[in-house]
Amino acid sequence: MTISPPERGEKAKGAAPTPYDQPVDRDHAPIDYEKLNKPGFWSSKLSKGPKTTTWIWNLHADAHDFDTHLGDLEETSRKIFSAHFGHLAVVFIWMSAAFFHGARFSNYTGWLADPTNVKPGAQVVWPVVGQEILNADLGGNYQGLQITSGIFQMWRAWGITSEVQLMALAIGGVIMAALMLHGGIYHYHKAAPKLEWFRKIEPMLQHHQIALIGLGSIAWAGHLIHIGAPVAALLDAIDAGNPLVVDGVSIASAADVTNLAPRLCDPAVASQIFPSLAGRTVENFFTLNWWAFTDILTNKGGLNPVTGSLWMTDISHHHLAFGVFAIFGGHMWRNNVHGVGHSMKEIMDVHKGDPILFPAPKGHQGIFEFLSNSWHGQLSINLAMVGSASIVVAHHMYALPPYPYIAIDYPTVLGLFTHHMWIGGLFICGAAAHAGIAMIRDYDPAVHIDNVLDRILKARDAIISHLNWVCMWLGFHSFGLYIHNDVMRALGRPKDMFSDTGIQLQPFLAQWVQNLQQSAVGTGDLVGAGNLPGSVLSEVFNGNVVEVGGKVAIAPIPLGTADLMIHHVHAFTIHVTLLILLKGVLYARSSRLIPDKAQLGFRFPCDGPGRGGTCQVSSWDHVFLGLFWMYNSLSVVIFHFSWKMQSDVWGLTGGNFAQSSITINGWLRDFLWAQSSQVLTSYGQPISMYGLMFLGAHFVWAFSLMFLFSGRGYWQELFESIIWAHNKLKVAPTIQPRALSITQGRAVGVAHFLLGGIATTWAFFHARLIGLG
């Protein structure tokens, strides 16, 4: 369904606009439970009830498409805002469940006492049908499922030392969930914000940057300074075999730390751990005597050798500094209270690009209005940014491990990397989806003439054709290197292979960056690194290996020909994903094939009957295809990461990555086949559930092919034969069975393809590293 921009946000034709005196409408929509009993109440067509089975699928597809319910931007905004509170309630319930499991069903205190030998567990399988074999002996007199979420390591970093504290957090999570649910009801039914409130961009930026991000970060820094870092110092001393003495008492166990915790905010106690907490902190702060805080706000760099993680005092310093920057940044914007500061609209309207490289005479004029009226446009940008940030987090989790002992919990490291990569990929595909919707529903060509958006659309053929050329070049060359190596190895000619011992293709730029980082320490060559100790950089760069409990926490990562080859496969798959997603956005409204595509909406299977060769051209179909290539891209990434870390950092596969990963056969034989031995031989062991999951997820993946490889007509013909048989037996249903629409079939197909593929990989990775112990 297409909603033309001029009508969006209008209440009634000819109605006078209400003055913006109050930001909310009181008692906007009384709670009507009768309406909720009627499925599809928001659609005149769906509210009539089902006549065919298509009804249930349309109900799923359109339930959250608020645009199509009323076409009123204010009402849509209110629904989204209310739904945010509901989402937060779900998050708090989820967090509460994690805390509750930690409090009642975990070996958290046992893990705290011996984090290098005891494995984390927070779930116990009930022997309903004899599946108690899944409860492994994880140490600390505990049998249960080994968890790989990293929550134990995170809780230790927070300063949690007992199950009582976890139970308190669980109760707090439920209370917060109730408050959030109440907030969602209140801000839709009792005090619903007006559209003008949602459009006030500068106050929103101030609230987010100053209050949520800035003050939130500083508040967290306060917790780390007064609780997290002192508890970490006490626990680190215990783990190092040299307990600290506080008030004449040796703090020799986590229980001792728990008993001391209520007094950690007492300056007389805290100053025995960090002298700068002796009680003059406020005075030192306001007299700018900030050097007094150098023991609690540090810049040590590197990793704590006891825990193999970043120093807690470095982390508290980071959060304090980041919070201050965010507060300063938030004050940049002009608001209703005073006329000082920047206006986002004024900044964008005067901003112009390079006249030669990007000739758009009107620059960014009209973009502010577009984004302040298009929630899909805003969501697209936010999804792209958060998705990219998630991918950055994935890489920081192993390069700069933030939580104590997380770096030596290899299943958790691999699991968190994979998790954040998938989340990032899905969010970026979502960004393309909502950009396409914004172009179709919210974009008015008459408003955007000769600005940057118009300029990009005019250059779309050049952009896509160049991107296509890049994809072809990368694809043929990167894959060609592997094919060459397979042929040479098959013919017994190793010296003619691209490898570190044959024809070298060294990633000299990446090696140069590594050497630059290492050689700059103690000099003025690297900004901020002048005269700093050698530990100020991550051990990945300065050549050190950090071992904790006999396991490698972090080590230099050597780069060679194998890395250059797989890196170009990454470039290829990512660029193809970009090509598909970007084409779906740039051609969302029109193309040479279908000039009136905007009238057909976001998702449509083909341009009607009688016009062949126009299928899979909708913006939705581009997201559909992009999801497959996103999956392809990230599969290569997580496989590369898994093998590289096992081979060159963790020492699990004897350093075979450099010579085995340079052929397709090597990936199949030495990675997929060799490393699947744990999951394939898992029966009769605690990891047997991963063996079952491995098989089940393969089935889910294969199930998707039934939807992807067949057309709707095949199924409709089959259904009609089955209905005929039911009619003969007089057991025909009153709701007429219909085959899934083409688009619905594709949606079911891609959902099962991704779910099956991700769960298969999940079982493969977990069984591998948990099985190795």
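We number each residue from 1, going along the chain as drawn.
Placement of Cβ uses the backbone N, Cα and C atoms for every residue, glycine included.
For reference, Swiss-Prot has these:
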BINDING   Cys606, Cys615  [4Fe-4S] cluster binding site
BINDING   His698  divinylchlorophyll a' binding site
BINDING   Met706, Tyr714  divinyl chlorophyll a binding site
TRANSMEM  80-103  transmembrane segment
TRANSMEM  166-189  transmembrane segment
TRANSMEM  205-229  transmembrane segment
TRANSMEM  315-333  transmembrane segment
TRANSMEM  375-398  transmembrane segment
TRANSMEM  414-440  transmembrane segment
TRANSMEM  462-484  transmembrane segment
TRANSMEM  564-582  transmembrane segment
TRANSMEM  622-643  transmembrane segment
TRANSMEM  687-709  transmembrane segment
TRANSMEM  747-767  transmembrane segment
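In terms of local Cβ density within 10 Å, Cys606 ranks first among the binding-site residues Cys606, Cys615, Met706. Following the DSSP three-state reduction, the secondary structure of Tyr714 (divinyl chlorophyll a binding site) is helix.
Cys615 ([4Fe-4S] cluster binding site) carries neither a helix nor a strand DSSP state and counts as coil.
The list of residues near the transmembrane segment (564-582) in space but at least 6 beyond its ends in sequence, with Cβ under 8 angstroms from a Cβ of it, reads 428-429, 432, 463-464, 467-468, 470-471, 474-475, 477-479, 481-482, 498, 505-507, 622-623, 625-626, 629-630, 632-633, 636-637, 640, 661-662. Same-chain neighbours of the transmembrane segment (687-709): 131, 133-134, 136, 678-680, 740, 745-746, 748-753, 755-760, 762-764, 766-767, 770-771, counting only residues six or more beyond its ends whose CB sits under 8 Å from a CB of the stretch. Geometry remark: His698 (divinylchlorophyll a' binding site) versus Met706 (divinyl chlorophyll a binding site), CA distance 13 Å. Of all the binding-site residues listed (His698, Tyr714), His698 sits in the most crowded Cβ setting, with the most other Cβ atoms within 10 Å. For the transmembrane segment (375-398), the list of distant contacts is 73, 76-77, 80, 406-407, 413, 416-421, 423-428, 430-435, 437-438, 441-442, 554, 645: same-chain residues at least six beyond its ends, Cβ to Cβ under 8 Å. Looking at which of 80-103, 166-189, 622-643, 747-767 has the most CB pairs under 8 Å to the transmembrane segment (414-440), the answer is the stretch 622-643. Taking the C-alpha positions, the distance from Met706 (divinyl chlorophyll a binding site) to Cys615 ([4Fe-4S] cluster binding site) comes to 19 Å.
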